[in-house]
Amino acid sequence: MRKIGKLQNQKDAQTLSNYLISQDIENVIKNSQDEYVIWVHDEDKLETAKNICNEFTQNPDDGKYANVIVKKPAKKKRAKKVTLVLGPQYPFLTQLFIVVCIIVTGLFHSPALREIIAPHVLILHNPFLSHHWTIITPIFVHFDLLHLVFNMLALNFLGSLIEGKHGSIFYLTQIVVIATISNMAEFMISPSIFGGMSGVLYGQFGYLWIRDRLDKTWDIHLGENVVKLAIVWFFLCWFVIPGIANYAHSAGLLCGMLWGYLAARES
């Protein structure tokens, strides 16, 4: 599928979609934040669809658009269309990661268990020499409730998009790679005790952001408000808020952006 344009008004988007169908151009409408994006299935009709979209945006009140009668699609085609819009699968791993983060964080904050748990989930020693798994496990530990809640909401949003699009194997691989790179960057540049999913989250954000910018076939859109919030928060952590694992944030973001760039090139 290819994107041909976006409209601010749902009614206008539906009118354009109906007109395209009347011209034998199959399409879908996808809501992204406050915008309605029109996607066309057949690339052979892409230029025609773009021209129709441009004409419509210049004069959406033209009578030829209002008088269109759209035939109901066949059941088989309608089922296919729903599958394309809703995505493939339930994000099981995302929910599992959320549960693990809540459990590990709860155990870590238990006075009776903290000294037992900490050496097994935080980087307290060089992970290249012992406790090798702690290269990854700091992502499960959060140091306060607000940190945990904010990160789990972000993981549920970003993680569900990626796992739903690519499947669990890709998703797990991406988390392991980004967690390793972001945690190692923080450990080697600023060797202090740190924890949290934020480096992975910025990696997921970077991947989705760049993939959407560069890949014309990509159908997941974060929306401008989400992008602005992530970027503003990134710089607030660097220059305003103390005690943040900023090297993990930065390494995760760069890793995700590079991943998105390479994936867009291969698409």
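Yeah, the Cβs are placed from backbone N, Cα and C, and that goes for glycine too.
Whatever TrEMBL says is automated annotation, not expert-curated.
Feature annotation from TrEMBL assigns domain 'Peptidase S54 GlpG peptidase N-terminal' to 1-66.
According to TrEMBL, the domain 'Peptidase S54 rhomboid' annotation covers 131-264.
Look at TrEMBL and you will find 90-113 (among others) tagged as transmembrane segment.
TrEMBL lists 133-157 (among others) with the feature transmembrane segment.
According to TrEMBL, the transmembrane segment annotation covers 169-187 (among others). Long-range neighbours of the transmembrane segment (169-187) within the same chain, counting only residues 6 or more positions beyond its ends whose Cβ lies under 8 Å from a Cβ of the stretch, are 93-94, 97, 123, 127, 135-136, 138-139, 159, 162-163, 194, 199-200, 202-204, 207, 245, 247-252, 255-256, 259.
Within the same chain, residues 97, 101, 121-124, 138-143, 147, 151-152, 154-155, 158-159, 161-162, 174-175, 178-179, 181-183, 185-187, 220, 222, 227, 230, 234, 245, 248-261, 263-264 sit at least 6 positions outside the transmembrane segment (193-210) and bring their C-beta atoms closer than 8 Å to a C-beta of that stretch. What TrEMBL records for 193-210 (among others) is transmembrane segment.
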Average pLDDT across the domain 'Peptidase S54 rhomboid' (131-264), rounded to a whole number: 95
